[in-house]
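> OK, TrEMBL features for this one:
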- 8-283: domain 'Tr-type G' (DOMAIN)
- 17-24, 81-85, 135-138: GTP binding site (BINDING)
Amino acid sequence: MARSHKIEDYRNFGIMAHIDAGKTTTTERILYYSGKSHKIGEVHDGAATMDYMEQEQERGITITSAATTTFWNGKRLNIIDTPGHVDFTIEVERSLRVLDGAVCVLDSNQGVEPQTETVWRQGDKYKVPRIVFCNKMDKTGASFDQCIDDIKKRLGARPVPIQLPIGAESDFKGIVDLVRMKAVIWEDESLGAKFHDAEIPADLQEKAEAARMELIEAAVELDEGAMEAYLEGNEPDEATLKRLIREAVRTSAWFPVLAGSAFKNKGVQTLLDAVVDYLPSPVDVPPTKGIDAKTEAEVVRHSTDDEPLAMLAFKIIEDPFGVLTFARIYSGKLEKGVTLLNSTKEKRERIGRMVQMHANSREEIDEAFAGDIVALVGLKESRTGDTLCDPAHPVILEKMEFPAPVIEMSVEAATKSDQEKLTTALMKLASEDPSFYVSTDSESGQTIIKGMGELHLDIKVDILRRAPYNIKVNVGAPQVAYRETIRKAAEIDYTHKKQTGGTGQFARVKLVVEPNEIGAGHKFENKIIGGVVPKEYIPGVEKGINSVLTSGPIAGFPVVDVKVALIDGAYHEVDSSAIAFEIAARAALREGIEKASPALLEPIMKVEVVSPEEYVGSVIGDLNSRRGQIQGQDMRGNANVITAFVPLANMFSYVNNLRSMSQGRASYTMQFDHYEQVPAAVAQEVQAKYA
Ligand SMILES: Nc1nc2c(ncn2[C@@H]2O[C@H](COP(=O)(O)OP(=O)(O)OP(=O)(O)O)[C@@H](O)[C@H]2O)c(=O)[nH]1
């Protein structure tokens with residue numbers, strides 16, 4: 001079977017927006033008008049097709065991304081839904097990695113909102129070609145001009161209207177298409193399915209002409225020939241103008257702006273036309289880079305079926321049909337039944353069934369091609385960010401970066417009977433979300449979950465409490481992962497002796513402890529010469545040492561970067577045992593660490609704050625007050641980027657502080673950088689809290 005659409009006719013795009021700008025409603029309408037969705041599911045009814053998790057419907061925010069395939073004007077559209085919440089920027093980045101372009105939806109009543117700014121900056125980072133859709137033109141207070149102004153001022157980007165709204169608020173009727181210089185009016189009774197061309201209303205004529213002039217001037221700037229012709233009095237024809245707008249989008253030279261009201265069913269078809277006309281196809285964007293999994297040489301993969309298969313898994317969801325792995329094919333063809341290499345994990349994976357998702361149906365497919373987004377059913381080893389490829393041509397596509405988790409807390413099932421269910425559920429959640437981690441505290445045996453923020457963990461706990469899991473869980477307070485180490489060497493000679501009734505216990509060990517290189521972990525060495533401690537007792541010594549290292553003397557955190565050597569000892573023919581040596585080693589090492597000036601270490605985060613100029617002073621002042629060390633300050637677009645090292649302990653609730661400090665306009669990312677010794681005064685506080 002051949003492909004149904006040429007790769008040039010693909011549009012893999014996302015819809016990005018601030019919460020509530022209307023991303024879900026717009027997606028719904030797109031699916032409706034492009035014929036694959038048969039009923040309009042209103043968000044406020046909780047029936048939207050893309051919002052398939054019960055929880056999302058209740059919260060009204062889209063947490064997970066889904067990919068849906070639909071068709072328009074002979075093109076194949078794959079819509080990748082991107083979430084808008086700040087704690088889920090990882091999901092946004094993940095989606096941005098696999099799409100070729102995006103529609104940025106604004107609420108025309110609100111203009112550029114804080115989260116619009118955040119996702120826009122992420123779009124800049126990944127160089128995503130974008131068009132802007134000013135939605136909610138029907139809302140009281142809607143202002144297209146204000147949106148244009150906001151894009152300039154808040155985003156430092158250059159907006160160029162390619163449409164003007166006709167009317168506003170309850171009077172909003174349609175748009176002026178500045179490319180064709182025609183009005184387009186929607187017929188309310190048809191639920192927006194019917195619309196027709198009309199003459200531009202007289203009161204808009206002048207404004208439309210000025211806007212068209214601006215559009216043409218912005219367009220011809222991109223092409224010398226068109227510019228020369230224009231200067232000689234020849235305006236570009238429609239095809240040329242469209243080509244130039246497309247070029248502007250591809251290079252982010254400027255951003256075309258459209259208007260509409262998804263909710264009132266206006267402007268959606270013209271938005272789809274713009275997606276087709278202006279967003280890039282897979283062959284319009286730079287080829288994908290990767291490394292050869294054998295030679296580690298850099299390779300590029302072009303968007304064609306003729307190169308070996310390479311695809312990237314970008315989303316895993318669990319649904320009633322099983323595990324679905326969403327992947328984008330960058331090059332090559334995929335056939336059902338083949339065995340692929342997961343080059344990231346070095347594991348083979350058989351492709352059993354695969355499906356393509358439509359608005360409210362799924363289509364079983366046997367083949368998929370370069371540019372496609374497919375959902376693979378029942379993969380076992382693959383996780384988000386993994387590359388799946390032709391085993392004969394192993395390649396690892398650019399890896400996605402996941403920031404280190406910043407927060408952790410304990411969870412436990414309220415009832416014993418739920419404990420096992422909890423463990424299984426947590427494993428599942430961790431496999432679906434690479435920024436969510438689960439581990440067990442070796443000391444307390446508690447289950448610890450780690451993630452990107454309090455809301456992130458809250459939502460996981462919420463999922464556990466709901467169907468299908470229905471687990472009653474108790475959670476602890478969020479906390480930082482400290483470590484302990486030593487600063488100098490020490491030697492200890494310790495004898496464990498006990499005589500109670502029959503057999504006694506005897507073991508003597510002499511240990512040397514000293515700091516190991518930073519990051520080298522801990523190391524045990526048996527340096528005994530001759531048989532002063534018989535071999536069979538050594539595992540006991542090692543066990544004793546390991547148990548001390550899991551819980552340090554300062555506040556019970558793991559002890560790292562320590563070398564321990566057993567240099568001497570003694571035993572007794574009758575009274576010695578592995579247990580006696582374990583006890584001796586434990587006591588010896590405890591004493592040794594106390595003598596070796598123990599120190600508390602804390603994780604230091606590299607924090608990057610992106611802030612409008614007016615808040616930079618307060619942002620820096622605040623970072624200083626958090627024991628932060630400012631590393632630098634740069635410009636990105638019209639925003640300031642401040643980098644600093646800040647102890648994680650002082651970064652809790654930072655999201656909220658930053659939001660209120662900047663009226664929600666600054667955003668930040670942070671990732672673990674290194675561990676550093678905690679200042680004495682702070683160490684005392686930590687000790688008081690945990691010991
Ligand atoms: N008046 C008006 N309301 C709209 C329009 N589009 C969406 N809404 C409403 O705005 C609210 C939010 O819309 P959604 O589509 O859920 O927005 P979203 O951006 O997907 O929201 P998140 O998923 O939370 O990020 C809903 O109550 C919609 O009915 C519009 O064009 N006009």
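Positions of Cβ are set from backbone N, Cα and C atoms, glycine also.
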> Work out the three-state DSSP category of K23 (GTP binding site).
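Where K23 (GTP binding site) sits, the three-state DSSP reduction gives helix.
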> Please determine which of the binding-site residues listed here (A17, M137) has the lowest count of neighbouring CB atoms within 10 Å.
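Among the binding-site residues A17, M137, the sparsest Cβ neighbourhood within 10 Å belongs to A17.
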> Where does M137 (GTP binding site) sit in DSSP terms: helix, strand, or coil?
coil
> Using the structure shown, find which entry in D20, K23, T82 (the binding-site residues) has the sparsest Cβ neighbourhood within 10 Å.
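Minimum Cβ neighbour count within 10 Å, taken over the binding-site residues D20, K23, T82, occurs at D20.
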> Using DSSP, would you call A17 (GTP binding site) helix, strand or coil?
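Looking at the DSSP assignment, A17 (GTP binding site) belongs to a strand.
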> Over the domain 'Tr-type G' (8-283), what is the model's mean pLDDT?
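PLDDT averaged over the stretch: 86.
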> Can you see whether DSSP assigns T82 (GTP binding site) to helix, strand or coil?
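For T82 (GTP binding site) - judged by DSSP and reduced to three states - the answer is coil.
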